[in-house]
Amino acid sequence: MGKLFRRKGRTHTARADASRMSEATTTPTHEDAAAQQIAELVASRRAIADAYEVERQRIERDLHDGTQQYLVAATIKLGEASLDAEGDVAALIQEAKTDIDRGLKALRSTVRGIHPQVLSERDLVAAVKESAAAYGPHVTVFAPHPLPELSPSVLAAGYFFTTEALTNAAKYAAGAPVSVLLTADESLHINVVDQGPGGARLIEGRGLAGMRDRLEAFGGRLDCTSPQGGPTRVGASIPLLLERGQTGISHSSTDDRQV
């Protein structure tokens with residue numbers, strides 16, 4: 001029972017004072033409310049991105065298992081028909097087969113751009129290693145510890161960021177050693193470093209600058225440091241613990257090479 005004090009007809013208790021102090025300390029501040037709103041906004045945007053990525057996966061499967069298979073079957077039938085064809089008919093069949101082959105290549109390229117099949121079959125590290133292998137033996141991929149399970153949208157964002165960074169390295173630092181490091185704590189971190197000449201800068205609406213906008217949907221950030229003479233380091237960070245309200249983007253760059 002709190003001690004009772006009387007002063008000019010007014011009654012106060014130590015317990016009441018303590019209660020008011022407790023309420024004051026537990027009342028959310030403007031900063032807390034803002035942080036909560038940011039966390040909810042990021043979570044909402046990520047949920048939308050996840051739903052969008054799932055739809056991209058569905059489209060990829062439909063194109064791969066449906067449209068592509070019909071074109072492959074048509075190519076096989078044309079090949080069989082050409083065995084008995086002669087003259088102009090044989091030439092026409094060959095032209096049709098060539099057109100379908102070109103269409104298949106264009107379709108496969110489109111499918112990879114929508115949602116690379118490798119992301120449906122492997123984790124991020126394996127997908128990045130497969131992509132890096134296409135650039136040559138001078139590209140190495142490191143993942144010292146297993147990554148946590150990633151949502152479809154974060155998986156895709158991490159993959160496309162890495163391939164975009166590797167494409168820029170191949171364009172501006174051809175043949176130079178390139179390393180890719182993937183780690184995770186509260187965030188997914190991907191760092192791509194090339195030993196090229198440096199002097200890179202981000203150009204709005206192009207390449208990595210466009211990827212920066214995509215990372216923003218996850219409360220992520222993109223950093224680019226590229227002094228003259230190199231090396232060029234491009235890093236992406238995507239928060240994995242939304243309840244911390246992590247958000248915002250920052251980047252730095254120099255002013256010569258466009259990426």
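Even glycines carry a Cβ here, placed using N, Cα and C.
TrEMBL has this to say about the protein:
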type: REGION; residues: 1-31; note: region 'Disordered'
type: COMPBIAS; residues: 1-13; note: compositional bias 'Basic residues'
type: DOMAIN; residues: 163-240; note: domain 'Histidine kinase/HSP90-like ATPase'
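Averaged over the domain 'Histidine kinase/HSP90-like ATPase' (163-240), the predicted model has a pLDDT of 87. Across the domain 'Histidine kinase/HSP90-like ATPase' (163-240), DSSP assigns 20 helix, 30 strand, 28 coil.
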